[in-house]
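Under the heading substrate binding site, TrEMBL lists A:Phe102, A:Gly103, A:Lys104, A:Tyr122, A:Thr123, A:Tyr124, A:Asp174. The 2-oxoglutarate binding site annotation in TrEMBL covers A:Asn159, A:Tyr161, A:His171, A:His236, A:Arg248, A:Thr252, A:Arg254. The annotation compositional bias 'Acidic residues' is assigned in TrEMBL to A:38-48. Under the heading domain 'Fe2OG dioxygenase', TrEMBL lists A:152-257. If you look up TrEMBL, you'll see A:30-50 marked as region 'Disordered'.
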Amino acid sequence: MEKFVVRGPNKRSCTNDALIRSPRKKVKLEEDERLKEEEDEEDEDEALAEFSNPVPWQKIEAEGLDCDYAQLFSKEEADKLFKQLEEEVVYSTGEEAKVQVFGKVYNIPRKQATYGDAGLTYTYSGVRRSACPWTPTLKSIRDAVTKTTAQTFNFVLVNRYKDGQDHMGEHRDDEKELDPLCPIASVSLGAARDFIFRHRDARGKQSRRQIEPVRLELAHGSLLLMNPPTNTFWYHSLPVRKKVLLPRINLTFRRIILDRKK
DNA sequence: TTACGGTCAGGGGC
DNA sequence: GGCCCCTGACCGTA
């Protein structure tokens, strides 16, 4: 049923440009990273030293879909991070926790928060949200992801699903402000949940083509990298799973392009 | 159109 | 096997 291909350890063929980038590009990135990392550099090194190395990557591929999946954190690390995030993250309330779809306003069926570099904003369902400053735990998870992927991220969207009733409908992360060359890195903590990709041409009653959906289970402490062009061709969702009784926190690290017009 | 609700099919329990 | 109930997939929608 599942169409993805699992390769052997570390045989990565993704478009992760950090692994094939030119020396000049590397120098530029390192400068950027240095500027961003001026503060708390030593503290972060200590935090990073706590993380174990990830287990081998699984390559998940289909037509126009390119993902990498790995267990980033051990159970003990993931338990600790989950607990810390439960204490640190402040979720949106009131109008910010609502969404308008087909002219109706609904409460979002999960909790959301946005964190990132100073001044960044992210537009979600037509609503512009500004990033809160990184918390220590979010920063250390971001750095662990960077260490593993050699990609830098300046923003994270935090989604908290209180149980299997909380969910997220089918969508693409195709916002214009996202760097089209940067993968989206999705870290899962807490209850394992199903995650489903569907090709854009295989949706709806009059779908043009028959392409099987790709189904994954995102485990506690896992990292899913969605490489370009996945988000161009594939929608993804986190469906309701009534048997799931425990909460899950999902962090999607992104790189937002700074608006040069201003 | 990151939402929900209606409908339907399939599976499990009895 | 047949019925009921639950779950999940799919579709329509302003």
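Keep in mind that glycine also has a Cβ here, set from the backbone N, Cα and C atoms.
In TrEMBL, annotation is done automatically, which means it is predicted and not curated.
Distribution of TrEMBL features across the structure.
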{"residue": "A:Phe102", "record": "substrate binding site", "CB count, 10 Å": "5"}
{"residue": "A:Lys104", "record": "substrate binding site", "CB count, 10 Å": "7"}
{"residue": "A:Tyr122", "record": "substrate binding site", "CB count, 10 Å": "19"}
{"residue": "A:Tyr124", "record": "substrate binding site", "CB count, 10 Å": "16"}
{"residue": "A:Asn159", "record": "2-oxoglutarate binding site", "CB count, 10 Å": "19"}
{"residue": "A:Tyr161", "record": "2-oxoglutarate binding site", "CB count, 10 Å": "24"}
{"residue": "A:His171", "record": "2-oxoglutarate binding site", "CB count, 10 Å": "12"}
{"residue": "A:His236", "record": "2-oxoglutarate binding site", "CB count, 10 Å": "25"}
{"residue": "A:Arg248", "record": "2-oxoglutarate binding site", "CB count, 10 Å": "23"}
{"residue": "A:Arg254", "record": "2-oxoglutarate binding site", "CB count, 10 Å": "22"}
For the domain 'Fe2OG dioxygenase' (A:152-257), the mean pLDDT of the predicted model: 91
A:Gly103 (substrate binding site) CB neighbourhood, other CB atoms within 10 A: 5
Among A:Thr123, A:Thr252, which are binding-site residues, the residue with the most C-beta atoms within 10 angstroms of its C-beta: A:Thr252
Alpha-carbon distance [A:Asp174 (substrate binding site); A:His236 (2-oxoglutarate binding site)] in Å: 11
A:Asp174 (substrate binding site), number of other Cβ atoms within 10 Å: 10
Spatial neighbour of A:Tyr122 (substrate binding site) that is closest, considering only the binding-site residues A:Asn159, A:His171, A:Arg248, A:Thr252, A:Arg254 and their CA atoms: A:Arg254
The domain 'Fe2OG dioxygenase' (A:152-257) - residue tally per DSSP class, helix then strand then coil: 7 helix, 50 strand, 49 coil
Cα-Cα distance linking A:Tyr161 (2-oxoglutarate binding site) and A:Thr123 (substrate binding site), given in Å to the nearest integer: 21
Three-class DSSP secondary structure - A:Tyr122 (substrate binding site): strand
